[in-house]
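Feature list (source: TrEMBL):
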- 5-94: repeat 'Solcar' (REPEAT)
- 140-234: repeat 'Solcar' (REPEAT)
- 244-329: repeat 'Solcar' (REPEAT)
- 217-236: transmembrane segment (TRANSMEM)
- 248-270: transmembrane segment (TRANSMEM)
Amino acid sequence: MNSTLPPFLQATSGALGSAVGNAIVYPLDLATTRMQNNARRPHHERLNLRDTLSHLLSHNDYLSEIYSGIGADTLSTLLSNFIYFYTYTSLQKGLHVWHTRHPIIPPQNTHQHGSVSSSPAGIGGLASKASEILPKPSQPTALEELLIGISSGLISKGITLPISTVCVRQQIENDTYTDTDEKDTKKDMTLLETLSTIYQESGIQGLFSGLKPTIPLTLLPSLTLYIHTVLVRLLLPARHRTHPPAGLTFLLGAVSNALATIPLYPLVLIKVLSQSGRDKGKNKHKLGMLETLVKIIKRGGIRTLYTGLEGQLVKGLVQQGVMMLVKQR
């Protein structure tokens with residue numbers, strides 16, 4: 001993410017790229033959320049990705065169905081990514097300033113037959129250059145980059161978590177109806193109406209449902225960007241790393257998202273289940289992450305933790321690829 005652009009422009013480009021990618025894959029995102037919400041059901045009652053999409057398209061007003069909740073989801077995507085990229089870039093530039101003010105002084109080289117130090121211009125046959133003896137700004141370490149990513153993720157996801165909860169509720173609110181006529185008579189709630197309903201059901205805690213799994217999930221954006229950077233360095237020649245071809249940018253962005261998502265996916269599932277609102281009520285006991293994991297495994301085995309993974313991967317392949325492509329442009 002090294003760039004000479006101001007943080008505001010980087011944040012805007014990243015947010016717009018994410019919103020474009022999100023709009024392209026939104027029907028797939030809706031189907032994935034519904035698959036994740038049905039992870040509590042026995043395996044034989046759960047639909048796969050193809051059947052879930054077919055079910056969505058079978059309704060008379062299928063366009064309205066497959067884009068239900070897109071307003072809240074787009075708003076959440078825009079705000080979350082703008083805050084993330086702005087915070088990440090600002091912290092990164094601040095860290096660069098700190099390293100510039102605290103440079104590393106290279107050790108002085110000596111001759112094998114004496115203690116005379118090398119001269120800046122190589123006078124007298126000494127081979128040093130000025131750049132080899134002047135203080136150099138140190139580069140951010142991997143740990144510093146990781147901490148910047150985690151901090152940016154905590155800030156962005158923490159601020160936008162209520163909107164994310166609204167999005168999940170709107171995506172699954174019609175999924176519980178098996179009678180099409182009954183569902184068609186139900187009026188879709190606006191973002192503010194859904195916020196009010198969640199607050200009445202569970203208070204502030206309900207608006208921030210899924211906060212616990214969200215904290216470790218803040219690793220996902222920074223892990224994705226780190227893997228993307230590694231892939232660029234490994235697969236591209238130096239002359240193409242600054243401005244790689246559009247096709248490679250899309251492909252590497254998609255692959256890096258998939259590699260980062262798979263190990264963290266059970267937390268994505270737990271977050272959606274927490275935000276679904278099944279355990280309603282301010283005084284109802286809510287299971288912790290570990291308890292939820294154990295309960296899911298006991299009910300359907302390890303594979304249940306990866307319910308909806310195929311949809312999440314395909315969605316991430318397109319969304320992350322488009323985001324990196326638009327952001328680069």
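Note that Cβ sites are derived from N, Cα and C of the backbone, with glycine treated the same way.
Any TrEMBL annotation is an automated prediction that lacks curation.
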Residue counts (helix, strand, coil, in that order) that DSSP gives for the repeat 'Solcar' (140-234): 76 helix, 0 strand, 19 coil
Counts of helix, strand and coil residues, the repeat 'Solcar' (5-94), according to DSSP: 75 helix, 0 strand, 15 coil
Contact set, same chain, for the transmembrane segment (248-270): CB under 8 Å, 6 or more residues outside the stretch: 36, 39, 210, 213, 216-217, 219-220, 223-225, 227-228, 231-232, 235-236, 240, 289, 292-293, 296, 305-309, 312-313, 316-325, 328
Per-region confidence, the repeat 'Solcar' (244-329) (mean pLDDT, whole number): 80
